[in-house]
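Asker: One structure is given below, represented as C-alpha coordinates, and several questions about it will come after.
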Amino acid sequence: MLALLGAATLVLLARAPRAWLAAAGGENLKSPQNVEVDIIDDSFILKWKRSGDSVKNVTFSADYQISGMDNWIKLPGCQSVTSTECNFSSVKLNVYEKIKLRIRAEKGNHTSPWYEVDSFIPFQKAQIGPPEVHLEAEDKAIVINISPPGTEDSVMWAMDRSRFTYILVIWKNSSSVEKRTETVDFRHKIHKLSPETMYCLKVKARLRLQRKVGFYSPVYCINTTVENKLPAPENIEVSAKNQSYVLKWDYSYENVTFQVQWLHAYFKKIFGDHSEKWKQIPECNNVTTTQCVFPQKFFQKGIYFLRIQASSRNNISLWSEEKKLDTEIRTIIFPPVITVKPLSDSLRIYLSAPKDAEKKSVNQRYPLIYEIVFWENTSSAESKILENKMDFTLPNLEPLTVYCVKARALVEDEKWNKSSGFSDTVCEKTKPGNTSNTWIIIGIFIALFSFLFVIYAGKSLLKCINYVFFPSRKPPSSIDDEYFFEQPIKNLLLSTSEEQTERCFIIEDTITIAPVEETHQIDEDKKYNSQISQDSGNYSNEDENSEDKTSEELLQQDSL
(Lines of atoms letter the chains of each structure in order from A; the text may use other names.)
(Lines give C-alpha, C1' and ligand atoms only; values in the text may rest on other atoms or scores of the structure.)
Protein backbone atom coordinates (compact mmCIF):
# COMPACT_ATOMS: atom_id res chain seq x y z
CA MET A 1 0.00 0.00 0.00
CA LEU A 2 2.75 2.29 0.91
CA ALA A 3 4.46 1.43 -2.33
CA LEU A 4 1.40 2.41 -4.32
CA LEU A 5 1.18 5.73 -2.48
CA GLY A 6 4.83 6.41 -3.22
CA ALA A 7 4.39 5.71 -6.92
CA ALA A 8 1.36 8.01 -7.08
CA THR A 9 3.33 10.78 -5.42
CA LEU A 10 6.12 10.46 -8.01
CA VAL A 11 3.58 10.67 -10.84
CA LEU A 12 2.05 13.82 -9.36
CA LEU A 13 5.47 15.38 -8.90
CA ALA A 14 6.41 14.54 -12.47
CA ARG A 15 3.27 16.13 -13.82
CA ALA A 16 3.53 19.24 -11.60
CA PRO A 17 6.01 21.19 -13.79
CA ARG A 18 3.78 20.76 -16.81
CA ALA A 19 0.85 22.05 -14.83
CA TRP A 20 2.86 25.03 -13.63
CA LEU A 21 4.05 25.76 -17.16
CA ALA A 22 0.48 25.55 -18.38
CA ALA A 23 -0.62 27.89 -15.66
CA ALA A 24 2.19 30.25 -16.63
CA GLY A 25 1.28 29.95 -20.27
CA GLY A 26 4.60 28.33 -21.06
CA GLU A 27 3.09 26.03 -23.65
CA ASN A 28 -0.04 27.84 -24.82
CA LEU A 29 1.21 31.47 -24.58
CA LYS A 30 4.41 32.30 -26.49
CA SER A 31 6.57 35.42 -26.49
CA PRO A 32 6.22 38.09 -29.22
CA GLN A 33 8.47 37.72 -32.27
CA ASN A 34 10.52 40.13 -34.46
CA VAL A 35 10.53 42.88 -31.88
CA GLU A 36 11.90 46.19 -33.20
CA VAL A 37 12.31 49.78 -32.02
CA ASP A 38 11.67 52.59 -34.51
CA ILE A 39 12.77 56.11 -33.53
CA ILE A 40 11.99 59.01 -35.85
CA ASP A 41 12.79 62.43 -34.41
CA ASP A 42 11.18 62.31 -30.95
CA SER A 43 8.74 59.51 -31.76
CA PHE A 44 9.56 56.17 -30.05
CA ILE A 45 7.65 53.16 -31.44
CA LEU A 46 7.97 49.57 -30.26
CA LYS A 47 6.81 46.99 -32.85
CA TRP A 48 6.48 43.21 -32.78
CA LYS A 49 4.66 40.28 -34.31
CA ARG A 50 2.34 37.79 -32.67
CA SER A 51 3.35 34.20 -32.27
CA GLY A 52 1.80 31.56 -34.51
CA ASP A 53 -0.70 30.44 -31.88
CA SER A 54 -4.35 31.24 -32.51
CA VAL A 55 -4.84 32.42 -28.97
CA LYS A 56 -7.33 35.25 -28.75
CA ASN A 57 -7.69 38.15 -26.32
CA VAL A 58 -3.93 38.36 -25.79
CA THR A 59 -2.39 41.67 -24.68
CA PHE A 60 1.20 42.78 -24.53
CA SER A 61 3.15 44.70 -21.91
CA ALA A 62 6.73 46.07 -21.96
CA ASP A 63 9.27 47.19 -19.39
CA TYR A 64 12.44 49.26 -19.70
CA GLN A 65 15.69 49.43 -17.83
CA ILE A 66 18.18 52.30 -17.86
CA SER A 67 21.91 51.66 -17.86
CA GLY A 68 23.21 51.35 -14.31
CA MET A 69 19.86 50.19 -12.85
CA ASP A 70 18.97 46.68 -11.70
CA ASN A 71 15.20 46.93 -11.53
CA TRP A 72 12.80 47.05 -14.46
CA ILE A 73 10.23 49.83 -14.88
CA LYS A 74 6.88 49.51 -16.64
CA LEU A 75 7.06 51.27 -20.02
CA PRO A 76 4.36 53.97 -20.27
CA GLY A 77 2.15 53.60 -23.34
CA CYS A 78 3.07 49.94 -23.69
CA GLN A 79 0.92 48.24 -21.01
CA SER A 80 -1.83 45.76 -21.92
CA VAL A 81 -1.65 46.72 -25.59
CA THR A 82 -3.88 44.74 -27.92
CA SER A 83 -2.14 45.81 -31.15
CA THR A 84 1.36 44.90 -32.30
CA GLU A 85 2.96 48.26 -31.58
CA CYS A 86 3.01 50.92 -28.91
CA ASN A 87 4.25 54.49 -28.57
CA PHE A 88 6.44 55.34 -25.58
CA SER A 89 7.46 58.86 -26.66
CA SER A 90 6.18 60.27 -23.38
CA VAL A 91 9.03 58.71 -21.46
CA LYS A 92 11.64 61.28 -20.47
CA LEU A 93 14.78 59.52 -21.52
CA ASN A 94 18.37 60.65 -21.89
CA VAL A 95 18.81 60.01 -25.59
CA TYR A 96 22.58 59.59 -25.15
CA GLU A 97 22.36 56.76 -22.54
CA LYS A 98 21.80 53.07 -23.13
CA ILE A 99 18.33 51.63 -22.59
CA LYS A 100 17.05 48.05 -22.58
CA LEU A 101 13.47 46.86 -23.34
CA ARG A 102 11.56 43.62 -22.77
CA ILE A 103 8.06 42.57 -23.79
CA ARG A 104 5.73 39.62 -23.14
CA ALA A 105 2.27 38.35 -24.03
CA GLU A 106 -0.46 38.25 -21.39
CA LYS A 107 -3.87 36.62 -21.08
CA GLY A 108 -5.58 36.86 -17.76
CA ASN A 109 -3.19 35.50 -15.22
CA HIS A 110 -1.16 33.74 -17.85
CA THR A 111 2.02 35.30 -19.30
CA SER A 112 4.63 34.31 -21.81
CA PRO A 113 8.37 34.44 -21.14
CA TRP A 114 10.00 37.84 -21.56
CA TYR A 115 11.50 38.77 -24.90
CA GLU A 116 14.45 41.11 -24.29
CA VAL A 117 15.61 43.66 -26.86
CA ASP A 118 19.31 44.32 -27.13
CA SER A 119 20.38 47.52 -25.36
CA PHE A 120 20.73 50.61 -27.57
CA ILE A 121 21.39 54.36 -27.45
CA PRO A 122 18.33 56.25 -28.70
CA PHE A 123 20.30 59.01 -30.47
CA GLN A 124 22.29 56.48 -32.50
CA LYS A 125 19.17 54.55 -33.45
CA ALA A 126 17.07 57.62 -34.26
CA GLN A 127 16.23 58.56 -37.84
CA ILE A 128 15.65 62.08 -39.18
CA GLY A 129 12.07 62.73 -40.12
CA PRO A 130 10.86 64.87 -43.05
CA PRO A 131 11.08 68.65 -42.53
CA GLU A 132 8.25 71.08 -43.05
CA VAL A 133 8.58 73.41 -46.05
CA HIS A 134 7.07 76.85 -46.78
CA LEU A 135 7.42 78.45 -50.23
CA GLU A 136 7.35 82.03 -51.52
CA ALA A 137 7.30 82.76 -55.25
CA GLU A 138 9.11 85.49 -57.22
CA ASP A 139 9.35 86.01 -60.95
CA LYS A 140 12.58 84.04 -61.45
CA ALA A 141 13.11 82.54 -58.02
CA ILE A 142 11.43 80.64 -55.22
CA VAL A 143 12.16 81.40 -51.56
CA ILE A 144 12.17 78.29 -49.40
CA ASN A 145 11.73 78.31 -45.62
CA ILE A 146 12.47 74.95 -44.01
CA SER A 147 11.56 74.01 -40.45
CA PRO A 148 14.06 71.60 -38.83
CA PRO A 149 12.88 68.04 -38.16
CA GLY A 150 11.16 67.41 -34.83
CA THR A 151 9.26 69.85 -32.71
CA GLU A 152 10.45 73.16 -31.32
CA ASP A 153 11.14 71.53 -27.96
CA SER A 154 12.70 68.46 -29.55
CA VAL A 155 14.97 66.48 -27.24
CA MET A 156 16.51 64.30 -29.92
CA TRP A 157 17.86 67.15 -32.10
CA ALA A 158 18.21 69.82 -29.43
CA MET A 159 21.99 69.94 -29.95
CA ASP A 160 21.86 69.68 -33.73
CA ARG A 161 19.08 71.95 -34.98
CA SER A 162 21.59 74.49 -36.29
CA ARG A 163 23.73 71.78 -37.88
CA PHE A 164 21.13 70.49 -40.29
CA THR A 165 21.68 70.93 -43.99
CA TYR A 166 19.03 70.14 -46.54
CA ILE A 167 19.02 68.35 -49.84
CA LEU A 168 16.46 69.86 -52.21
CA VAL A 169 15.20 68.39 -55.46
CA ILE A 170 13.23 70.71 -57.75
CA TRP A 171 11.72 70.22 -61.17
CA LYS A 172 9.17 71.75 -63.50
CA ASN A 173 5.76 70.29 -62.98
CA SER A 174 5.40 69.77 -66.71
CA SER A 175 8.58 67.69 -66.84
CA SER A 176 9.63 65.50 -63.95
CA VAL A 177 12.71 64.37 -65.87
CA GLU A 178 14.65 67.66 -65.56
CA LYS A 179 15.41 67.59 -61.88
CA ARG A 180 17.84 69.84 -60.11
CA THR A 181 19.41 69.00 -56.76
CA GLU A 182 20.93 71.54 -54.40
CA THR A 183 22.26 71.63 -50.86
CA VAL A 184 20.63 74.51 -49.02
CA ASP A 185 20.18 76.04 -45.56
CA PHE A 186 16.84 76.35 -43.80
CA ARG A 187 16.15 79.61 -45.69
CA HIS A 188 17.20 79.62 -49.29
CA LYS A 189 16.32 81.20 -52.61
CA ILE A 190 16.40 79.15 -55.79
CA HIS A 191 17.35 81.38 -58.73
CA LYS A 192 17.43 81.08 -62.50
CA LEU A 193 13.83 79.91 -62.87
CA SER A 194 11.30 80.86 -65.52
CA PRO A 195 8.47 83.32 -64.82
CA GLU A 196 4.90 82.07 -64.64
CA THR A 197 5.94 78.43 -64.37
CA MET A 198 4.92 75.80 -61.84
CA TYR A 199 7.76 74.11 -60.00
CA CYS A 200 7.59 71.18 -57.58
CA LEU A 201 10.14 70.20 -54.98
CA LYS A 202 10.87 67.99 -52.00
CA VAL A 203 13.40 68.31 -49.21
CA LYS A 204 15.20 66.03 -46.76
CA ALA A 205 17.52 66.88 -43.88
CA ARG A 206 20.90 65.45 -43.01
CA LEU A 207 23.60 65.65 -40.34
CA ARG A 208 27.01 65.32 -41.95
CA LEU A 209 28.98 64.65 -38.81
CA GLN A 210 26.70 61.82 -37.68
CA ARG A 211 26.22 60.61 -41.27
CA LYS A 212 22.47 60.65 -40.87
CA VAL A 213 20.15 61.30 -43.80
CA GLY A 214 16.44 61.77 -43.20
CA PHE A 215 13.26 61.09 -45.09
CA TYR A 216 11.99 63.30 -47.92
CA SER A 217 9.20 65.70 -47.20
CA PRO A 218 5.95 65.57 -49.18
CA VAL A 219 6.10 67.20 -52.62
CA TYR A 220 5.29 70.94 -52.68
CA CYS A 221 4.40 72.85 -55.86
CA ILE A 222 4.17 76.62 -56.58
CA ASN A 223 3.91 78.99 -59.57
CA THR A 224 6.47 81.71 -60.18
CA THR A 225 5.12 85.25 -60.70
CA VAL A 226 5.08 87.58 -63.69
CA GLU A 227 8.50 88.93 -64.61
CA ASN A 228 9.47 92.10 -62.78
CA LYS A 229 10.03 95.30 -64.81
CA LEU A 230 13.49 95.81 -63.34
CA PRO A 231 15.55 92.59 -63.21
CA ALA A 232 17.91 91.79 -60.38
CA PRO A 233 21.71 92.06 -60.90
CA GLU A 234 23.40 88.84 -61.96
CA ASN A 235 26.83 87.13 -62.06
CA ILE A 236 28.19 88.67 -58.88
CA GLU A 237 31.93 88.33 -58.31
CA VAL A 238 34.07 89.53 -55.43
CA SER A 239 37.87 89.73 -55.36
CA ALA A 240 40.60 91.21 -53.17
CA LYS A 241 43.01 93.84 -54.45
CA ASN A 242 45.63 95.46 -52.27
CA GLN A 243 43.73 96.31 -49.09
CA SER A 244 40.24 96.43 -50.62
CA TYR A 245 37.46 94.19 -51.87
CA VAL A 246 36.19 94.73 -55.40
CA LEU A 247 32.57 93.69 -56.00
CA LYS A 248 31.40 93.38 -59.62
CA TRP A 249 28.14 92.34 -61.29
CA ASP A 250 26.37 92.32 -64.64
CA TYR A 251 23.45 94.57 -65.52
CA SER A 252 22.11 95.54 -68.94
CA TYR A 253 19.90 98.49 -67.99
CA GLU A 254 21.13 102.10 -67.87
CA ASN A 255 20.36 105.01 -65.55
CA VAL A 256 20.18 102.64 -62.64
CA THR A 257 21.67 102.89 -59.14
CA PHE A 258 22.64 100.01 -56.92
CA GLN A 259 22.92 99.25 -53.25
CA VAL A 260 24.75 96.40 -51.56
CA GLN A 261 23.87 94.75 -48.25
CA TRP A 262 25.69 92.16 -46.14
CA LEU A 263 24.73 89.55 -43.55
CA HIS A 264 26.93 87.46 -41.26
CA ALA A 265 26.77 83.76 -42.13
CA TYR A 266 26.08 83.03 -38.48
CA PHE A 267 22.44 83.99 -38.96
CA LYS A 268 22.06 81.38 -41.68
CA LYS A 269 22.40 78.73 -39.00
CA ILE A 270 19.77 80.18 -36.69
CA PHE A 271 16.20 79.29 -37.51
CA GLY A 272 13.90 82.25 -38.03
CA ASP A 273 13.39 85.33 -40.17
CA HIS A 274 16.55 87.47 -40.27
CA SER A 275 15.59 89.85 -43.05
CA GLU A 276 16.11 92.79 -40.71
CA LYS A 277 19.68 91.73 -39.97
CA TRP A 278 20.94 92.76 -43.39
CA LYS A 279 23.11 95.90 -43.26
CA GLN A 280 24.26 98.46 -45.79
CA ILE A 281 27.83 98.85 -47.09
CA PRO A 282 28.37 102.63 -47.12
CA GLU A 283 30.86 102.59 -50.01
CA CYS A 284 28.36 100.66 -52.14
CA ASN A 285 25.23 102.73 -51.62
CA ASN A 286 23.63 104.43 -54.64
CA VAL A 287 26.52 103.59 -56.96
CA THR A 288 25.93 104.12 -60.67
CA THR A 289 28.54 101.65 -61.95
CA THR A 290 28.41 97.88 -61.93
CA GLN A 291 31.14 97.64 -59.33
CA CYS A 292 32.09 99.07 -55.96
CA VAL A 293 35.21 99.03 -53.82
CA PHE A 294 35.28 98.90 -50.02
CA PRO A 295 38.16 98.31 -47.56
CA GLN A 296 38.97 94.86 -46.26
CA LYS A 297 38.97 96.12 -42.70
CA PHE A 298 35.20 96.67 -43.06
CA PHE A 299 34.79 92.95 -42.29
CA GLN A 300 36.35 91.07 -39.43
CA LYS A 301 37.61 87.56 -39.97
CA GLY A 302 34.68 85.31 -40.93
CA ILE A 303 32.10 84.41 -43.58
CA TYR A 304 29.52 86.85 -44.94
CA PHE A 305 26.83 87.03 -47.60
CA LEU A 306 26.36 89.92 -50.03
CA ARG A 307 23.34 90.87 -52.13
CA ILE A 308 22.62 93.67 -54.61
CA GLN A 309 19.47 95.52 -55.58
CA ALA A 310 18.89 97.84 -58.56
CA SER A 311 16.57 100.85 -58.57
CA SER A 312 15.45 103.30 -61.23
CA ARG A 313 13.01 106.07 -60.33
CA ASN A 314 10.00 104.29 -58.88
CA ASN A 315 11.04 100.79 -59.91
CA ILE A 316 13.01 98.50 -57.64
CA SER A 317 14.34 95.12 -58.57
CA LEU A 318 14.24 92.05 -56.39
CA TRP A 319 17.39 91.19 -54.50
CA SER A 320 20.06 89.39 -56.43
CA GLU A 321 21.41 85.96 -55.70
CA GLU A 322 23.43 86.03 -52.51
CA LYS A 323 27.23 85.89 -52.85
CA LYS A 324 29.29 84.19 -50.17
CA LEU A 325 32.42 86.03 -49.00
CA ASP A 326 35.04 84.20 -46.93
CA THR A 327 37.48 86.84 -45.74
CA GLU A 328 40.23 84.27 -45.16
CA ILE A 329 40.10 82.99 -48.71
CA ARG A 330 39.62 86.35 -50.39
CA THR A 331 42.26 88.20 -48.42
CA ILE A 332 45.66 88.66 -50.02
CA ILE A 333 48.65 87.86 -47.84
CA PHE A 334 51.49 90.29 -48.53
CA PRO A 335 55.17 89.33 -48.46
CA PRO A 336 57.15 90.33 -45.38
CA VAL A 337 59.80 93.03 -45.28
CA ILE A 338 63.20 91.43 -44.69
CA THR A 339 66.32 92.90 -43.08
CA VAL A 340 69.63 91.01 -42.86
CA LYS A 341 72.51 91.70 -40.46
CA PRO A 342 75.77 89.78 -41.02
CA LEU A 343 77.42 88.15 -38.01
CA SER A 344 80.35 85.78 -37.48
CA ASP A 345 79.62 82.67 -39.56
CA SER A 346 75.88 83.53 -39.56
CA LEU A 347 73.17 85.96 -40.64
CA ARG A 348 70.62 87.61 -38.38
CA ILE A 349 67.20 87.85 -40.05
CA TYR A 350 64.56 90.40 -39.10
CA LEU A 351 61.09 90.10 -40.64
CA SER A 352 58.28 92.63 -40.44
CA ALA A 353 54.84 92.88 -42.03
CA PRO A 354 54.19 95.60 -44.58
CA LYS A 355 52.32 98.65 -43.32
CA ASP A 356 49.25 100.34 -44.73
CA ALA A 357 48.56 104.06 -44.88
CA GLU A 358 47.69 104.04 -41.18
CA LYS A 359 50.97 102.28 -40.37
CA LYS A 360 49.16 99.12 -39.29
CA SER A 361 50.28 95.63 -40.14
CA VAL A 362 48.26 94.38 -43.11
CA ASN A 363 48.57 90.73 -42.04
CA GLN A 364 48.00 91.22 -38.32
CA ARG A 365 44.64 89.37 -38.26
CA TYR A 366 46.13 86.04 -39.30
CA PRO A 367 48.56 83.70 -37.53
CA LEU A 368 51.53 83.43 -39.91
CA ILE A 369 54.62 81.31 -40.30
CA TYR A 370 57.48 82.20 -42.60
CA GLU A 371 59.35 80.24 -45.23
CA ILE A 372 62.94 81.44 -45.65
CA VAL A 373 65.02 80.53 -48.70
CA PHE A 374 68.76 81.28 -48.75
CA TRP A 375 71.71 80.36 -50.94
CA GLU A 376 75.30 81.31 -51.70
CA ASN A 377 75.54 84.06 -54.26
CA THR A 378 77.82 81.91 -56.42
CA SER A 379 75.60 78.82 -56.24
CA SER A 380 72.07 77.95 -57.32
CA ALA A 381 71.53 75.37 -54.54
CA GLU A 382 68.80 76.69 -52.24
CA SER A 383 68.07 75.84 -48.62
CA LYS A 384 64.66 76.29 -46.98
CA ILE A 385 63.55 76.62 -43.36
CA LEU A 386 60.25 77.43 -41.62
CA GLU A 387 60.12 79.89 -38.72
CA ASN A 388 57.23 81.12 -36.62
CA LYS A 389 59.32 83.97 -35.22
CA MET A 390 60.18 87.21 -36.95
CA ASP A 391 63.68 87.43 -35.46
CA PHE A 392 66.04 84.49 -35.87
CA THR A 393 69.55 83.46 -37.01
CA LEU A 394 70.81 81.39 -39.95
CA PRO A 395 73.77 79.59 -38.30
CA ASN A 396 76.74 77.54 -39.56
CA LEU A 397 77.45 79.59 -42.67
CA GLU A 398 80.76 79.97 -44.42
CA PRO A 399 82.70 83.05 -43.27
CA LEU A 400 83.42 85.85 -45.71
CA THR A 401 80.81 84.50 -48.14
CA VAL A 402 77.95 86.37 -49.82
CA TYR A 403 74.52 84.85 -49.09
CA CYS A 404 71.17 85.87 -50.56
CA VAL A 405 67.91 85.57 -48.59
CA LYS A 406 64.20 85.88 -49.41
CA ALA A 407 61.07 85.02 -47.45
CA ARG A 408 57.31 84.64 -47.78
CA ALA A 409 54.41 84.43 -45.33
CA LEU A 410 52.19 81.35 -44.93
CA VAL A 411 48.84 81.31 -43.14
CA GLU A 412 49.03 78.84 -40.25
CA ASP A 413 45.69 77.16 -40.87
CA GLU A 414 45.04 73.60 -42.07
CA LYS A 415 41.64 74.48 -43.55
CA TRP A 416 43.08 76.32 -46.51
CA ASN A 417 46.44 76.89 -48.11
CA LYS A 418 47.27 80.58 -48.39
CA SER A 419 50.65 82.21 -48.91
CA SER A 420 52.17 85.47 -50.02
CA GLY A 421 54.67 86.06 -52.76
CA PHE A 422 58.36 86.16 -51.94
CA SER A 423 59.93 89.30 -50.58
CA ASP A 424 62.73 91.19 -52.29
CA THR A 425 66.03 89.31 -52.27
CA VAL A 426 68.65 90.69 -49.87
CA CYS A 427 72.33 89.70 -50.15
CA GLU A 428 74.94 90.17 -47.42
CA LYS A 429 78.50 88.98 -46.82
CA THR A 430 79.20 87.06 -43.62
CA LYS A 431 81.92 88.30 -41.29
CA PRO A 432 85.06 86.32 -40.41
CA GLY A 433 84.47 83.44 -38.13
CA ASN A 434 86.19 82.57 -34.86
CA THR A 435 88.90 80.55 -36.66
CA SER A 436 89.87 83.50 -38.84
CA ASN A 437 90.08 85.77 -35.80
CA THR A 438 92.41 83.31 -34.10
CA TRP A 439 94.75 83.26 -37.09
CA ILE A 440 94.67 87.04 -37.27
CA ILE A 441 95.71 87.30 -33.62
CA ILE A 442 98.46 84.73 -34.14
CA GLY A 443 99.65 86.63 -37.20
CA ILE A 444 99.78 89.89 -35.24
CA PHE A 445 101.91 88.28 -32.52
CA ILE A 446 104.24 86.74 -35.12
CA ALA A 447 104.64 90.09 -36.89
CA LEU A 448 105.33 91.86 -33.58
CA PHE A 449 107.91 89.25 -32.58
CA SER A 450 109.55 89.43 -35.99
CA PHE A 451 109.71 93.23 -35.77
CA LEU A 452 111.40 93.06 -32.36
CA PHE A 453 113.81 90.40 -33.60
CA VAL A 454 114.75 92.52 -36.63
CA ILE A 455 115.37 95.52 -34.39
CA TYR A 456 117.54 93.45 -32.06
CA ALA A 457 119.47 91.82 -34.92
CA GLY A 458 120.00 95.17 -36.65
CA LYS A 459 121.24 96.75 -33.47
CA SER A 460 123.68 93.89 -32.87
CA LEU A 461 124.95 94.04 -36.47
CA LEU A 462 125.45 97.79 -36.22
CA LYS A 463 127.45 97.29 -33.05
CA CYS A 464 129.71 94.75 -34.76
CA ILE A 465 130.26 97.05 -37.73
CA ASN A 466 131.20 99.92 -35.44
CA TYR A 467 133.55 97.67 -33.53
CA VAL A 468 135.28 96.45 -36.69
CA PHE A 469 135.47 99.55 -38.80
CA PHE A 470 135.29 102.30 -36.22
CA PRO A 471 137.18 101.08 -33.13
CA SER A 472 137.55 103.25 -30.05
CA ARG A 473 140.88 105.09 -29.66
CA LYS A 474 141.09 104.45 -25.94
CA PRO A 475 141.03 101.05 -24.38
CA PRO A 476 138.39 100.35 -21.82
CA SER A 477 139.20 101.49 -18.30
CA SER A 478 138.80 97.96 -17.03
CA ILE A 479 141.96 96.89 -18.75
CA ASP A 480 145.13 97.32 -16.66
CA ASP A 481 147.60 99.80 -18.19
CA GLU A 482 150.60 97.67 -17.35
CA TYR A 483 149.12 94.62 -18.96
CA PHE A 484 148.11 96.70 -21.89
CA PHE A 485 151.66 97.96 -22.51
CA GLU A 486 153.22 94.57 -21.95
CA GLN A 487 150.92 92.74 -24.32
CA PRO A 488 150.58 93.98 -27.89
CA ILE A 489 147.02 94.64 -29.05
CA LYS A 490 146.15 92.67 -32.13
CA ASN A 491 142.90 92.98 -33.96
CA LEU A 492 141.41 89.51 -34.34
CA LEU A 493 138.63 90.45 -36.74
CA LEU A 494 140.77 92.38 -39.21
CA SER A 495 143.88 90.30 -39.69
CA THR A 496 146.80 92.14 -41.28
CA SER A 497 150.17 90.57 -41.54
CA GLU A 498 152.84 92.56 -39.86
CA GLU A 499 156.03 92.99 -41.70
CA GLN A 500 158.70 91.05 -39.87
CA THR A 501 162.04 92.79 -39.88
CA GLU A 502 165.37 91.59 -38.59
CA ARG A 503 167.39 93.99 -36.72
CA CYS A 504 171.08 93.80 -37.65
CA PHE A 505 173.86 95.47 -35.74
CA ILE A 506 177.44 96.03 -36.99
CA ILE A 507 180.03 95.79 -34.30
CA GLU A 508 183.36 97.27 -35.15
CA ASP A 509 186.53 97.71 -33.27
CA THR A 510 186.06 101.36 -33.01
CA ILE A 511 184.04 101.93 -29.97
CA THR A 512 182.99 105.42 -30.86
CA ILE A 513 181.51 104.59 -34.19
CA ALA A 514 179.31 101.72 -33.00
CA PRO A 515 177.40 103.75 -30.51
CA VAL A 516 176.81 106.54 -32.99
CA GLU A 517 175.61 104.25 -35.67
CA GLU A 518 173.57 102.35 -33.19
CA THR A 519 172.11 105.53 -31.86
CA HIS A 520 171.38 106.79 -35.27
CA GLN A 521 169.86 103.51 -36.16
CA ILE A 522 167.81 103.54 -32.98
CA ASP A 523 166.54 107.00 -33.76
CA GLU A 524 165.52 105.94 -37.18
CA ASP A 525 163.82 102.93 -35.73
CA LYS A 526 161.95 105.12 -33.29
CA LYS A 527 160.82 107.43 -36.03
CA TYR A 528 159.73 104.50 -38.10
CA ASN A 529 157.89 102.81 -35.29
CA SER A 530 156.19 106.01 -34.27
CA GLN A 531 155.05 106.66 -37.81
CA ILE A 532 153.63 103.17 -38.13
CA SER A 533 151.83 103.45 -34.81
CA GLN A 534 150.22 106.71 -35.82
CA ASP A 535 149.19 105.47 -39.27
CA SER A 536 147.74 102.07 -38.55
CA GLY A 537 147.28 101.71 -34.85
CA ASN A 538 148.64 98.17 -35.11
CA TYR A 539 151.81 98.65 -33.12
CA SER A 540 152.35 99.36 -29.47
CA ASN A 541 154.99 101.11 -27.46
CA GLU A 542 156.29 97.77 -26.34
CA ASP A 543 158.58 97.63 -29.37
CA GLU A 544 160.11 100.91 -28.50
CA ASN A 545 160.77 99.80 -24.96
CA SER A 546 162.39 96.59 -26.12
CA GLU A 547 164.55 98.51 -28.55
CA ASP A 548 165.63 100.91 -25.83
CA LYS A 549 166.56 98.02 -23.63
CA THR A 550 168.57 96.44 -26.43
CA SER A 551 170.45 99.65 -27.14
CA GLU A 552 171.34 100.06 -23.52
CA GLU A 553 172.66 96.54 -23.32
CA LEU A 554 174.85 97.10 -26.39
CA LEU A 555 176.23 100.32 -24.98
CA GLN A 556 177.08 98.59 -21.75
CA GLN A 557 178.92 95.85 -23.63
CA ASP A 558 180.86 98.39 -25.63
CA SER A 559 181.86 100.24 -22.55
CA LEU A 560 183.16 97.09 -21.04
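The backbone N, Cα and C atoms fix where each Cβ goes, and this holds for glycine too.
Because TrEMBL annotations are produced automatically, they should be read as predictions rather than curated entries.
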Asker: In TrEMBL, Cys221 sits in a disulfide bond; tell me which of Cys200, Cys284 is on the other end.
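Answerer: Disulfide mapping in TrEMBL sends Cys221 to Cys200.
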Asker: Which residues of the same chain, at least 6 past either end of the transmembrane segment (439-457), have a Cβ under 8 Å from a Cβ in it?
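Answerer: The answer is 432.
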Asker: What Cα-Cα separation, expressed in whole Å, is found between Cys221 (disulfide bond) and Cys404 (disulfide bond)?
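Answerer: Checking the Cα atoms of Cys221 (disulfide bond) and Cys404 (disulfide bond) gives a distance of 68 Å.
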Asker: Most Cβ neighbours within 10 Å: which of the disulfide-bonded residues Cys221, Cys292, Cys404 is it?
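Answerer: For the disulfide-bonded residues Cys221, Cys292, Cys404, the Cβ with the most other Cβ atoms within 10 Å is Cys292.
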Asker: Taking the Cβ of Cys427 (disulfide bond) as the reference point, list residues of the same chain whose Cβ is under 8 angstroms away and which are at least six residues distant in sequence.
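Answerer: When sequence neighbours closer than 6 are ignored, Cys427 (disulfide bond) has Val340, Asn377, Val402, Tyr403, Cys404, Val405 within Cβ distance under 8 Å.
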Asker: In the structure shown, which of the disulfide-bonded residues Cys78, Cys86, Cys200, Cys284 has the fewest other Cβ atoms within 10 Å?
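Answerer: Comparing Cβ neighbours within 10 Å for the disulfide-bonded residues Cys78, Cys86, Cys200, Cys284, Cys200 has the fewest.
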Asker: How many neighbouring Cβ atoms, not counting its own, are there within 10 Å of the Cβ of Cys464 (S-palmitoyl cysteine)?
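Answerer: Total other Cβ atoms inside 10 Å, all chains included: 10.
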